[in-house]
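Visitor: Before I ask anything, here is the structure I am working with.
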């Protein structure tokens, strides 16, 4: 009997050294896993979903804005919520970069989620994870795919204005430049085409595509890869000068529904941004992917989900690196 209890105690002590979570922690070299908050903040995902749901009910457009925040965060120094920091002291906010100034939005929704989470479980859920969850929930709420979000990112203590200006693909970048910016993050041409499909929801400002209507290559000529009747329609609200902030649907067919009509529009030469249309005009491989997704919504959803997880895995801060911010706008 004594021997039994000794071996039982030995087994117990061995168990103490095995991790409680038998999930696949090791993803892309980073310890992110979906059950990260199961014990420390079991209601975390529910709280994010609830606040995002109310925000999207108030304004459909906010879904695209929240999805874009995650993208613009991950492409600069990894998914570390650096984008959310306001300028203070040594920190120069990424919110003032060319890709974000006057266009990045949804910060108040993130604040609302954070304050609800701080009430429920203080100092536990990172702002970086909030961005990843809000992006997924926004997609689902507009009819898009659902995916399991690996969690455990921590928040950075710094921002990078230069990174934000240089690393985020711009609407007038060439296809090659855009692909290079994706490859720098460990993403490939399949991810590029699938993630561009997020432009099935949301808006762009006149200033983001004006050159296509009047002076695409600096020779005073419009972009001939844009359907001319569609271009004429756009010119009526996007003049040569003025109207910079006028908003246009990225996908005019189903602007608030997450679906594959974005890809069908590209095949009809009705992509709004130059960076959308080049997926069809500048690469046979990407054109083939556009055709596949235009024909098969399920295939697009499946790849979009995979690519979102892959993007969410870009250089997260884990372990003791970074911190869990109490307020997403400033370091602790």
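From the backbone N, Cα and C atoms, a Cβ is placed for every residue, glycine too.
As annotated by TrEMBL, signal peptide applies to 1-23. Per TrEMBL, the feature domain 'Plant heme peroxidase family profile' maps to 31-332. Here TrEMBL flags 41-121, 74-79, 127-328, 206-238 as disulfide bond. Summarising the annotation, TrEMBL assigns site 'Transition state stabilizer' to 68. What TrEMBL records for 72 is active site, proton acceptor. What TrEMBL records for 73, 76, 78, 80, 82, 94 is Ca(2+) 1 binding site. Feature annotation from TrEMBL assigns substrate binding site to 169. What TrEMBL lists as heme b binding site is 199. For 200, 251, 259, the entry in TrEMBL reads Ca(2+) 2 binding site.
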Visitor: About how far apart, in whole Å, are the alpha carbons (Cα) of residue 41 (disulfide bond) and residue 94 (Ca(2+) 1 binding site)?
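Guide: So the alpha carbons of residue 41 (disulfide bond) and residue 94 (Ca(2+) 1 binding site) sit roughly 29 Å from each other.
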Visitor: Quick one, of the binding-site residues 78, 169, which Cβ has the fewest other Cβ within 10 Å?
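Guide: Comparing Cβ neighbours within 10 Å for the binding-site residues 78, 169, 169 has the fewest.
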Visitor: Of the recorded positions listed here (121, 127, 169, 200, 238), which is spatially closest to residue 76 (Ca(2+) 1 binding site) when Cα positions are compared?
Guide: 169
Visitor: Taking the Cβ of residue 251 (Ca(2+) 2 binding site) as the centre, count every other Cβ atom within 10 Å, in any protein chain shown.
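Guide: Its Cβ shell of radius 10 Å holds 28 other Cβ atoms.
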Visitor: Hey, of 78, 80, 251, which of those binding-site residues are within 10 Å of residue 199 (heme b binding site), Cα to Cα?
Guide: 251
Visitor: Nearest to residue 328 (disulfide bond) by Cα distance: which of the binding-site residues 78, 169, 200, 251 is it?
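Guide: Ranked by Cα distance from residue 328 (disulfide bond), first place goes to 78.
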Visitor: Between the recorded positions 72, 82, 238, which lies closest to residue 127 (disulfide bond), Cα to Cα?
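Guide: That would be 82, nearest by Cα distance.
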